[in-house]
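Q: Before I ask anything, let me first share the structure, which is written out below as structure tokens.
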Amino acid sequence: MHHFQYKGKELYAEDVAIKDIVAKVGSPVYIYSQATLERHFKAMDEAFAAVPHTICYSVKANSNLAVVKNFINLGGGVDIVSGGELYRALKAGVDPQKVVYSGVGKKDDEIEYALNTGILMFNVESEQELTRISEIASRMGKKAGIAIRVNPDVDPQTHPYITTGLKNAKFGITIERAIEEYRRAKDLPGIEILGIDCHIGSQLTKVTPFVDAIKKLKNVINTLKGMGISLKYFDLGGGLGIQYNDEAPPLPADYGTEILAETKDLGLHLLFEPGRNLVGNAGILVATCLYTKQRDEKNFIMIDAGMNDLARPALYGSYHGVKPVVNDQDGVIVADIVGPICESGDFLAKDREVPMFKQGDMMAFMSAGAYGFAMSSSYNSRPRVAEVMVKGDRFEVVRERETVEDLIKGEKVPAFL
Ligand code: LLP
């Protein structure tokens with residue numbers, strides 16, 4: 001459920017007409033609905049109300065300060081994968097004790113920053129990383145809280161680019177190695193063992209792979225117990241999918257029921273790292289039709305947003321629903337909706353039946369709140385677009401549209417030219 005609905009012929013974000021936002025802020029623009037963000041967070045939070053838990057929003061999905069702040073206000077923590085994300089989360093006011101730090105390539109300065117900040121724990125992704133964190137923490141006279149990210153070798157049945165929990169993925173440590181690494185971690189001077197972690201992939205539309213992973217990790221937890229290592233936290237990662245087209249992912253409440261059934265006797269504090277599930281359907285990208293052309297039975301709708309603004313269709317062939325901002329077109333047409341970028345992969349919809357858009361018509365790409373702006377770039381020297389948040393009948397720009405001056409910020413022509 002989201003709050004982008006028609007009132008008459010006009011598409012609204014909550015109580016604000018999208019066309020009024022574009023009139024003020026311009027096109028293209030990302031628009032987020034605060035009520036939808038809140039609803040999704042609460043659905044996840046309530047699903048686990050029966051046990052101690054923390055929802056650590058995965059900042060990478062949408063790192064806008066306003067979005068992060070919104071979840072922090074609701075009691076959330078964050079899952080970060082870089083010093084930059086930590087910086088953002090701190091700016092948004094996160095409680096450091098609700099920060100978990102994942103990622104296979106943590107740099108020394110990022111580890112130091114996280115230790116200085118006093119984050120809850122590092123999700124350790126390799127043997128060498130464990131050693132490095134211990135060295136840095138010891139040098140700083142600190143102990144780093146850690147969980148080992150275990151790669152449970154479970155197929156999440158999703159797109160290969162976002163499958164992370166199979167043996168051949170670069171993520172985490174295999175079960176056999178993980179047990180050895182816990183044994184080693186116990187005696188490392190800079191380490192305090194706090195938990196266990198897994199994240200098997202993104203856009204999962206079934207609960208079974210999560211349950212399979214939990215079963216495997218429970219064995220590890222029991223083995224550790226036998227070794228005298230007791231844990232406080234069980235981080236189950238993110239990955240719960242959303243509806244883009246005709247998928248039918250489980251509701252957070254159903255996901256909750258199954259996960260609780262599997263974890264309740266462990267007595268551990270559960271951590272979750274949802275990204276897409278919280279923000280995906282809470283955001284849209286609005287763009288405007290520049291030109292149309294018909295060629296060899298193929299129709300094109302050229303718009304002012306491209307793969308640099310929303311990379312998902314080009315990168316994963318993903319589907320985003322297309323809706324007219326004002327529903328007044330005459331009939332429908334099968335067309336490719338393409339951007340201005342000089343690449344043939346620059347499409348936002350392919351061979352799609354859409355309203356007969358004409359020059360100047362605005363359209364919304366639905367479910368663009370996750371991995372939308374966050375993955376955008378200024379390729380082709382196109383300033384990144386503005387982001388707006390709506391709450392009820394109010395809206396505010398939460399990121400200014402970039403300017404051409406922004407594009408060359410930090411660039412220099414050397415003296416020898
Ligand atoms: N935790 C870790 C360690 C992750 O790597 C990710 C996502 C998440 C949590 C959040 O996963 P989510 O709940 O959003 O599924 N760019 C791709 C998705 C990449 C996911 C990367 N990791 C896309 O646009 O579909």
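Glycine residues also receive a Cβ, built from the backbone N, Cα and C atoms like all the rest.
The domain 'Orn/DAP/Arg decarboxylase 2 N-terminal' annotation in TrEMBL covers 35-279. Sequence annotations record features per position, and here TrEMBL assigns N6-(pyridoxal phosphate)lysine to Lys60. If you look up TrEMBL, you'll see Gly239, Glu273, Pro274, Gly275, Arg276, Tyr371 marked as pyridoxal 5'-phosphate binding site. Feature annotation from TrEMBL assigns substrate binding site to Arg276, Arg312, Tyr316, Glu343, Tyr371. Taken from TrEMBL, the feature active site, proton donor applies to Cys342.
Looking at the shown structure, what environment does each listed feature sit in?
A: The average per-residue pLDDT of the prediction over the domain 'Orn/DAP/Arg decarboxylase 2 N-terminal' (35-279) is 96, rounded to a whole number.
Non-local contacts of Lys60 (N6-(pyridoxal phosphate)lysine) by the CB criterion (under 8 A, 6+ apart in sequence, same chain) comprise Val81, Glu85, Gly275, Tyr371, Ala374.
Neighbour count (other Cβ atoms within 10 Å of the Cβ, all protein chains): 27 for Arg276 (pyridoxal 5'-phosphate binding site). Secondary structure at Arg276 (pyridoxal 5'-phosphate binding site), as computed by DSSP, is helix.
Less than 8 angstroms from the CB of Cys342 (active site, proton donor) sit Asn380, each of them six or more residues away in the same chain.
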Q: Cβ atoms within 10 Å, counted per site: which of Tyr316, Tyr371 has the most, among these binding-site residues?
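A: Going through Tyr316, Tyr371 one by one, the largest Cβ count within 10 Å is at Tyr371.
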Q: List, in residue order, those recorded positions out of Gly239, Cys342, Glu343 with a Cβ under 6 Å from any atom belonging to ligand 1.
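A: Only Gly239 qualify.
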Q: Let's check the environment of Glu343 (substrate binding site): how many other CB atoms sit within 10 Å of its CB?
A: 14
Q: For Arg312 (substrate binding site), just count the other CB atoms lying within 10 A of its CB, please.
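A: Other Cβ atoms found within 10 Å: 20.
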Q: Are there residues of the same chain, six or more positions away from Pro274 (pyridoxal 5'-phosphate binding site), whose CB falls under 8 angstroms from its CB, and which are they?
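A: Once residues fewer than 6 apart are set aside, Pro274 (pyridoxal 5'-phosphate binding site) is near Met44, Ile55, Tyr57, Ser58, Gly238, Gly239, Leu240.
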Q: From the Cα of Glu273 (pyridoxal 5'-phosphate binding site) across to the Cα of Glu343 (substrate binding site), what is the distance in angstrom?
A: 34
Q: Using C-alpha atoms only, work out the spacing between Glu273 (pyridoxal 5'-phosphate binding site) and Tyr316 (substrate binding site) and round it to an integer in Å.
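A: So the alpha carbons of Glu273 (pyridoxal 5'-phosphate binding site) and Tyr316 (substrate binding site) sit roughly 22 Å from each other.
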